[in-house]
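Reviewing the structure listed below.
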Amino acid sequence: MTLKELVTGFGTQVRSIWMIGLHAFAKRETQMYPEEPVNVAPRYRGRIVLTRDPDGEERCVACNLCAAVCPVGCISLQKAEHEDGRWYPEFFRINFSRCIFCGLCEEACPTTALQLTPDFEMGEFKRQDLVYEKDDLLISGPGKYPEYNFYRKTGMAINGKDKGEADDEAKPIDVKSLLP
């Protein structure tokens, strides 16, 4: 072993110990999750909820667009109809063990009934507990869009009023009068 190899080897050892010393006092990147709260981005896609309109009725009209657009098929629902002609889901089920939280269901929903919240703590011990029914998903408030009411904007007949007669609703367009 030559003197050059000995000095090089000793220098490498000293440099390694110096780097370890620097990293020992540096700020840690690991976040101690349960003790320290996690700051997620404002548009983080977490738990899916069903919202209500300003009148307190559930917004979902059981159009089945969310189930059709879901790439993993974790949403299932059955349509039913009230006496006034308003549609609602008889049952609404999301299997969160299959959900990839892509947000396509929220984008496809015409009534803004499905919304993704920043809540990500959904750990369960049994896989069956990750299947959420309508009662588990339905929240008491309107969510991100507090003033939006689908049935006021769509021009559907509700509660004995014909199309275009409800508050904040324009008269339906007569498409035959548009012809030349």
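Cβ atoms are placed via backbone N, Cα and C, with glycine included.
Under the heading [4Fe-4S] cluster 1 binding site, Swiss-Prot lists C60, C63, C66, C109, citing sequence analysis as support. DSSP classifies C60 ([4Fe-4S] cluster 1 binding site) as coil under the three-state reduction. Remark: C60 ([4Fe-4S] cluster 1 binding site) has L50, L77, Y88, P89, F92, C109, T111, A113, L114 as non-local neighbours, by Cβ distance under 8 Å and separation of at least 6 in sequence.
With a 10 A radius on its CB, C70 ([4Fe-4S] cluster 2 binding site) counts 19 other CB atoms from all the protein chains. Secondary structure at C70 ([4Fe-4S] cluster 2 binding site), as computed by DSSP, is coil. What Swiss-Prot records for C70, C99, C102, C105 is [4Fe-4S] cluster 2 binding site.
According to DSSP, the secondary structure content of the domain '4Fe-4S ferredoxin-type 1' (50-80) in residues is 5 helix, 9 strand, 17 coil. Annotated domain '4Fe-4S ferredoxin-type 1' per Swiss-Prot: 50-80, in sequence order.
Residues or ranges marked as domain '4Fe-4S ferredoxin-type 2' in Swiss-Prot: 90-119. Panel annotation: around the domain '4Fe-4S ferredoxin-type 2' (90-119), residues 40-42, 44-51, 58-63, 65-80, 127, 130-134, 137, 143-145, 148, 150 of the same chain, lying at least six beyond its termini, place a Cβ under 8 Å from a Cβ of the stretch.
By a simple count of nearby Cβ atoms, those within 10 Å, the most crowded of the binding-site residues C63, C99, C105, C109 is C105.
The candidate set comprises the binding-site residues C66, C102. Of these, C66 has the most other Cβ atoms within 10 Å.
The DSSP secondary structure for C109 ([4Fe-4S] cluster 1 binding site) is coil. Each residue contributes its Cα atom, and for C66 ([4Fe-4S] cluster 1 binding site) and C105 ([4Fe-4S] cluster 2 binding site) those atoms are 4 Å apart.
With respect to their backbone Cα atoms, C102 ([4Fe-4S] cluster 2 binding site) and C63 ([4Fe-4S] cluster 1 binding site) stand 19 Å from each other.
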